[in-house]
Amino acid sequence: MAWLQPTLCRKELESRQTSGLDAAMKAAGKKYFGTALTVRNDAGETNVLNTKGEFGSITPENAMKWEAIQPNRGQFNWGPADQHANAATQRGMELRCHTLVWHSQLPSWVANGNWNNQTLQQVMKDHINAVMGRYKGKCTHWDVVNEALNEDGTYRDSVFYRVIGEAFIPIAFRMVLAADPTTKLYYNDYNLEYGGAKTAGAIRITKLIQSYGLRIDGVGLQAHMTSESTPTQSTVTPSRANLASVLNSFTKLNVDVAYTELDIRMNTPANQQKLQANAAAYARMVGSCMDVKRCVGVTVWGISDKYSWVPGTFPGEGSALLWDDNFNKKPSYTSSLNTIRACWKCHRLLVSIS
């Protein structure tokens, strides 16, 4: 039996059908390259989504959030969520489901209800059981709890924390495990990529869940980044090595990691210099996942700049995704694909041949 050296390993991987992001990721030993999606009637978006090997996972952008699914107590709106589940099934893609317990996009009847510990837990359980029952066996991953932390690593003020305390987090994980033990369970948050107090807070949450004897399969780092200093974010995307170090701070706790909502914004309008800097930032993000064995995949938060949430939330900023408004691939697409194909750390994925 012979072992391929890194250069030969790259050739072996490139000889496979790695013309798309997901195909290249899988050839390099990862699970998926995915996208967030809002189902709509746009031929350009559909064409990209249907391109073989481009995406292997779909995350419903908004359709599975509490406000969308159960706007009034006991009244469920399954239509949009079902559309996304069907979109994944029809294309043979994984369905990365998002999200069950979150302070935002929460209907007022939950956020402003007169709850005590017992009654709010019952509301959580009823919602989780209904949603998990509907999509049992379809969701490969669930963001169980989303954005429970402030920037300084303390707990965010939410109805769940005010009424139940930090225990609402392991309680939610216990409920989800009981409803569907086959799905992968994640804690998901933003600004974890920098290795500061908020990262330490997410490590604390991971240990808290484990201290209850419960399973947490992974931590999702949302990765809403910038490729240059902007009015809303002065710190640009860190180095590849620093990003990998943060990922490893979680994997040391015996959990997987993933970039779950990746986009990298800039001050608009874009120009070639900014697009190249953006491409380099994407290479650092994707490359850091390639460098960490238990980084299972990358999800970008949308296909095209045409529908990105960024300009509406951060005026004067944008051009954050891999396709432009007209569904043309940007330099960031090429840099991401080339980074995956380069098969960094390939010597750890040695391919045996007879």
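Note: Cβ is positioned from N, Cα and C throughout, glycine not excepted.
Residues annotated as domain 'GH10' in Swiss-Prot: 19-339. For the domain 'GH10' (19-339), the model gives a mean pLDDT of 98.
As annotated by Swiss-Prot, N-linked glycosylation site applies to Asn117. DSSP assigns Asn117 (N-linked glycosylation site) to a helical segment in the three-state reduction.
In sequence order, Trp102, His103, Ser104, Arg156, Asn188, Asp189, Tyr190 are the residues of the chain that are 6 or more apart from Glu147 (active site, proton donor) and have a CB within less than 8 Å of its CB. Under the heading active site, proton donor, Swiss-Prot lists Glu147.
The DSSP secondary structure for Glu261 (active site, nucleophile) is strand. The active site, nucleophile annotation in Swiss-Prot covers Glu261 and is backed by similarity to another entry.
Around the Cβ of Cys295 (disulfide bond), the same chain contributes Lys30, Leu247, Thr251, Asp256, Val257, Ala258, Tyr259, Ser288, Cys289, each under 8 angstroms and 6 or more positions distant in sequence. If you look up Swiss-Prot, you'll see Cys289-Cys295 marked as disulfide bond, on the strength of similarity to another entry.
Taking CA atoms as the reference points, Asn117 (N-linked glycosylation site) and Glu261 (active site, nucleophile) are 32 Å apart.
In the three-state DSSP classification, Cys295 (disulfide bond) falls within a strand. Around the Cβ of Glu261 (active site, nucleophile), the same chain contributes Ala36, Thr59, Asn188, Tyr190, Gly220, Gln222, Ala223, His224, Thr299, Val300, Trp301, each under 8 angstroms and 6 or more positions distant in sequence.
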